[in-house]
Each structure stands twice: as structure tokens, then as C-alpha cells.
Amino acid sequence: MGFFKQKKHQPVQEKVIREDKMPPHRSTASLEKNIQYLQQELRNSTDLKIRLLPGNKQALVYLDDITDPDKIQRYIFEPLLKTEGDITKIKDREESKDLNEAVSSLLEGKALYLIEGQSTCYFFNVQQNVTRAITEPMNEKVIKGSHDGFNEDIKQNINLIRRRIQHRSLTIKKQTVGDYTESEIALIYVEGVVNPDVVKELETRVKNISNDALLSAGAFSEYIEDRTYSIFPQFLSTERPDKTVAQLMEGRIAILFANNPTCLIAPVTFFAFYQSPDDYNTRWLVATYIRLIRLFSFILAITLPSFYIAVVGFHFEVIPEDLISPVLGAIRDIAYPPIIEAVMMVVVIELIRESGIRLPSPIGSTIGIVGGLVIGDAIVTAGLVSNLMVIVIALTSLASFVVPSNEMSDSLRLLTFPLIILSSILGFIGIAFGLLMVLIHLCRMESLGLSYFTPIQFRDLKDTVIRVPQFLMKRRPEQLQSPRPYKSNELSDDDGKK
Amino acid sequence: MKKLTIILISCTLILSGCWDMREFKEVKLGITAAYDLTDDGVYTNTILIPNVQNSAQGPGQESTQFLTATGSTASEARTNIDRRLSSTYSPAQLDVLLFGDKLARQDIYPYVDAYYRDPRMHLDVVPVVVKGNAEQALKVVPKSEIRPSEYIEGIIESEVETTNTLETSLQAIGSELYEEGEDFALPLLQVGDGGKTVSYEGLALFHGSSYTGKDIPFGHTTLFLLMKRVKGKVARITVKIFDGEKPETNNNTTINIEDYSSKIKTKPDKQNKVRADITMDVTVMIQEYPQDHLSLSKLPEVKKNLEQALTDQAKETIRIIQEANSDVFGIGRSIYGHYPDYWKKLDWEQDFKNIKIEPHIRVNIRSRGIFR
């Protein structure tokens, strides 16, 4: 099939060296030369401030926008006055004779103190911290339970986790990714609970990322996930520290990002996307009931429209006799075949949803009402879509929004389309084929080398399909092959008996 | 190569599929159908099609459409119906199938054969025999009904609940149509009130696949069904237990069957070839007793008379069945099962009329009413 191939030509480009891998550049004794080098390396950027101190023998260099003037006053000038200008007597300082290191330090928000006639540079940490307050994540609200959430500051995020797991085995491994951005990421796991092979696997994958910029958690997951072409998410993303900690204690790995409130959790199973911290805060019977509803909604979300199309288009024998005349009355005068109706209605719902997200919240709700009520009513009266189809599609999208995880909900809504098409071509057989393919795909998927659709065996049902009381959940999930399979020091059998 | 394969596979999927599409809105569904045989030997087929007015708000108004066509065979009559319809006629949702008694006396199998062959058809169609003209019964549409198309079905369903007819369908009679050792009975309807209503008249007894012309009358059906071990939600029997009381109504009592057990024992017999004993124990509640002096001392007499009256009724029913040569109790099947060698010597077609069927009914009165 040479027809489809295009000629490849390799463009030439310079290699970018990461800041922390720059070869050293020795500083000189001349203040002017040093300053000149810094200015040149930072491309004469205007926010580079050079303050010559009285006598022009000493200079303080810093990037204006990322440093805190208060801190400069407190950590540099005030101590300088006390020691009568002797910089070597100030305690909180770092030294170096490498000007390239000086440049990296400036970029981190440190101030550089240079003295004429000395080749040693002194650094002071005067970084300005811009953080958002800790608030509950908008998209993962719970009724009961802790209401804090991650924010953009990775230090604060790690703080939130450390406060919840006060044990020395909580391991935090920081790395940077992206040659330009040098984004900091932190792999967090509980040593002794996590499967070491999985950690090794994840570390290799992270090491192999080569990119100029790492912008988001979603992009990151695409670099390291097992199947990029799959429709299903393979990392659980959350902004909730309580959820993260619960997953850490199951033996999973959390990945935190600097400047990003999203935390990725791997390896996961399909059912992890259907669990919510709410489940563990309510009575177990209630939680089980809600879990079952969520799983039912999974089936509903992907099959309901296709089921309806198959019934109306192929197998009207299955309509119960009491429903014949209502159904017939509803669809009699509709001009389009059911598949067009369904696609039309799905698109309408997506439009309402998407416009509702982008608009500010007071207008967003108005759009919901206008879209939902007015269009929904008018489209039926106009005879474009039958009122049964409106019910079907509305139920479908409701069912897809029940999923606690946002990505899974999006995947589900996308998954309805192939099934709609298949059912409009082959009826029930088409749905059977479609579901079979989805199931085969799910069974073949892996998350960090561990199976994604873990065999549904009885022991794992306890915290997936249903939720049993805590004392019955003695083991960690089988999927993770944790070196510490039991959740407590006292070994007991599955029934909670010792 | 991979791309070409994908394109070819999706082509086979897309190009082959829509062919089988049968859209619901483009089909006329028959709910009830009637088959008749006129005096000239012409078959008529009448169907009832519910039509719904467009309903953007709430359920639509239902109206019914009747179509009658004639033909020299049953399928020709059906083809003639299709010619007059704006969209394709589909009997896939048929609920009730009416046979005129004239046609039923011949053979009903040719009319139901298609239901056993086509997987799209309902097998829970209720076959019903109509005394007289079936088309006439179909066209009775009382104004009081919300869904006129379900009038006849409703009659049958309510009679099933009160143990006056059995829950039957093409599926249920499927094996009995041709089996020698067992026959079946179908509900019998009749147009009354000068063509304004349809009433339930009893059970039409079949032999093989044709109507024998003999029926179990309405008053006898409950006891018959209990002997056959079929009970709906309630079962009530009104019997005459006294003679000569004044006024006339005082002779009768109505009992409500609360519990029953019924057993049919069959065995070869020298005298009558086969002997069948129907043993039935019923626990009853006296529901209506116009004499109103039901003291404990009177109870044994009531009980005795009740047993006598029920046994008489059962004997009468059995006489009709044997006259009709319709083995609705499945006695032949039971003999065939237990004494296969003996069965080979019998000529069931002739012998059934002469076998001995003996009912033994015991009554236990549990309650005489809440004031007593």
C-alpha cells in the first residue's frame, strides 16, 4: 500500500540542553564580566534586575517577577546591615562558582549576590509563592467527608498527603520532565504496600519521556499509558487527597504535578472509576445500592439508545402489547429514521452540555433550562424527534453523568455511537457484536502491566460491585499483587474470623 | 493491506445490514384476527388494526380499523387484506385469533400453522371459538372501552382470573393439536345483546384439530377446571343443594373454593378397558346462603348435599366430554405413559367414549361467614 505513504524528510534542529544538565561555566573575578554573561544568557530579559550596591563593588541580581521584595529585605538587606556588609557571615546562603548554575537558580526565584574581585556567587532563596487557597474540587464534590482538594502548589499537595499518612514508608520521588519546562512531578507510594515491579515499570516509562514541554496531567498519561488508542481512561485522575490516600493504601501509585491540581493514580481497574469517597462514608447497604445503580448506569448509558433503535427498527415483536399504541402514537409521524433521530438528539444534548461548561455559571444554568425545556419540547412538537427518543437520550446522558469519574463519563458517551450505528444496521445482533467487542477490548487492556478488567471473582466483588462492611474487606485487591496482601497485621480469613 | 481489510470488513457490515430493517411505524399491526367459512365455502379473514392519532402530549387517541377480505384459501384472504393497506400488514403482535364455529368444525390447523413456523410471530396468541360469525364478534367495539382493540382479550383475561376458562395459547395447544392421547378446550364466545356485546359461553371441546360442536356450559367450567387442576385467582361455584324451598333462590348456595387438591388416577380395567378416578378435596367458604340459618347442626346436611351436587355436576361434565370424544383430561396420555404395552392394544378413537371416569368429591366447609 505504498499509495498511502508520504515521503519523509528529516528537518534539522538544534538540541536543547536542560537547565540542570548545563555544562559548568566558571565565574570570573570581574563583576562586570559576570553580569554581562548573565544578561547574555537570559537574553537581556527586562525582568532581570541588577541592583548595584553603594560603591559599585557589589551587585544583587534577581528576576523581578518571581521574587518577593519583602523576602529580599528580610533575608538579605537586614542581615547585611547587622553584619556590616560582610556577606559571608549571613547563614542562609548557598555558594557556587558556576555561572550556569547561577542562571538556573535565578530561574527558580533565587537572588544572586556578586562581589567585585571574588569569583564566588552567593544565592538567597527569595522566591515568591503564589498559591490558591485549598478548596473542594468543583468536579468531585461529596456530601460527607473531607472537603479539601489539591491546588497548583505541589508542596502543599504533598503536605496534604503526608499529613494523612504519617509513616516513614511513604515514599516521594521527584523528577522533572520537559526540556524547556522542567516540570516537576512526584511519584508517591507506600513502600511495602506497593508492588515494586510496578514502581520500576512506571519509573522506566517516565524516564523515557522526551519532550520540550509537559503541560498537563492528561498529556502525561498519554506518554506512559499502555494503550493510547483505547477509548477507556487508564489512569484515575482526582483532585481529592482523601481519594488519593485511599488508593495509596490499597497499593497504588499517585503521580502529582507541579502547577497542576490533578493527581493521577495507577494502576487502576475499570471498577475504580465507579468508586467514590462517599461510598465509604455512608452505611454499607446504602453504598452498595448506589454502587449497583452506578454499574447499572454503565450498561444503560451505552446500550439504551441502541436498544431502542433495534426495537423500533427491527424487532417490534418485543414491544409489550400494552405499549404498542403509545409507542406507535409517538413515532408515527416522525420524518426521520430512528438513527437520525438519535444522533440529532445526542448532538443537541452535547451542545447544551458544552455550552453550559464554557459559560459563566449563572448563564450556564439558563442555557440548561432553555436548551433542555424549550428545545426538548419544541423538537417533539415540530415532529423532528419522537418524545420517546427524547426520554431515551435524556436517560442515557443522565446515566453517563452518574459515573464519579469525568473521563469515564466522556468515554461512555462516545461509546454509544458505535453501538447506535451497529444496532441500526443489524438490530439486536449488532448490539451483541458491539458489546462483545467492548468486552474483549476491556479484557485485553492493562494498566501498568496489570490487568485492567480484573477477573471478577467473588473476593474482589466486595469492594467493586458492592461494598461490604470494612471488617469483611481484609485483603487488598488481587490485581495489584501487593507484597502486603492483608490490610492489617492480624491475619484472618475472608469472613473476618481469626 | 491492513487498511484494505478494514475497508472491506466495514463494507460488508454496512452494505449488508439495512436490508433487514423493518421499521415499526411502517407496519400495520393486527391485534385481533377472525377466520370464517361462509355458506358458499368462501374463507373470510377479518383483522382489527388499532390506529393511534399523533400524540405529542400524552397517549394518543386510539381508533380501530377493520378489514375484511375473502379468498378461496386462508392465505389468499390474507394477501387480499394486504392489498388494501397503506403499509405492510404484520400479524406479529396478534393477541386473539377468532374462529367461526363452522370453520372450527372443519380444521383449525391450516390457520395456525404459520404461527408455528415464523419465528417473528407471537406464540401466545389466544385461539377462541365464536358461536356463529367470528367477524361479527370482532366488530363489536363498545364505546366504554379505552382500548377497543383489547375488548375480546379483556373478556378472556377476566374469565381466567375467575376460573371460568383456562389460560391457553397456541404454544399451549401446540402438542395437543396432533397428539392422540390428549385433546384441548378453547374459550367459546357468542355475540349477544343484538350485536352490542360479546359474552363468554363456556369451553369448546376439540378433538384432534377440529371442534366437536360440544361445549362445557358456563356454569360447569369452574368445577371442570378444578378437576383439571387449573385455578385462577378466585373460584366460585353456585350449586343447587335443596329442592322445593320457597322462594326458589333459597335452593341455591354459592361457595368460594379456598383450597383444593385434585388427582386423576388411571389404570387398565377389564370391564371398561380403562378406569379413571378423579379424587378431589375442596375446602370451601360459604359465600351466599339465602336461607340464613346455617347452624352447626345443619352443616353436615349442607356438606352432604354440596358433595352430592358437585358430584352430579362433575358427572354431567364427564358425560359431555365423553360424548364429544375429547380427552381433555389427558387420560390417554397417562395410560400411554404408565402402560405403554396396554396402550398399543387400545383404539383410543373408539374406546374413550366407553371408559369409566368416576369423580369422587369431598367437601370441607371451613367458614360460614364472618358473623358466624
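Backbone N, Cα and C atoms are what each Cβ position is placed from, and that goes for glycine too.
A TrEMBL annotation is a machine prediction, not a hand-curated record.
Taken from TrEMBL, the feature compositional bias 'Basic residues' applies to A:1-10.
Sequence-distant contacts of the compositional bias 'Basic and acidic residues' (A:11-23), counting only residues of its own chain at least 6 positions beyond either end whose CB sits under 8 Å from a CB of the stretch, comprise 100-101, 103-104, 107, 176, 179-180, 182, 212. Per TrEMBL, compositional bias 'Basic and acidic residues' is recorded for A:11-23.
Taken from TrEMBL, the feature region 'Disordered' applies to A:1-25 (among others).
Under the heading region 'Disordered', TrEMBL lists A:478-498 (among others).
According to TrEMBL, the feature transmembrane segment maps to A:253-274 (among others). Through the fold, the transmembrane segment (A:253-274) approaches residues 137, 149-154, 157-158, 161, 183-189, 194, 198-199, 202, 214, 216-218, 220-221, 232-239, 244, 247, 291, 294-295, 298, 403-405, 407-408, 442, 446-454, 464-465, 477, 479-480 of its own chain, all at least 6 residues removed from its boundaries and within a Cβ separation under 8 Å.
Annotated transmembrane segment per TrEMBL: A:295-314 (among others), in sequence order.
Look at TrEMBL and you will find A:373-403 (among others) tagged as transmembrane segment.
For A:415-440 (among others), the entry in TrEMBL reads transmembrane segment.
Below 8 angstroms of C-beta separation, residues 273-274, 293-294, 297-298, 300-301, 304-305, 308, 327, 330-331, 333-336, 338, 341-342, 344-346, 348-349, 352-353, 409, 412-413, 416 of the same chain, each at least six residues beyond the ends of the transmembrane segment (A:373-403), sit close to that stretch. Across the compositional bias 'Basic and acidic residues' (A:11-23), the DSSP tally of helix, strand and coil residues reads 3 helix, 0 strand, 10 coil.
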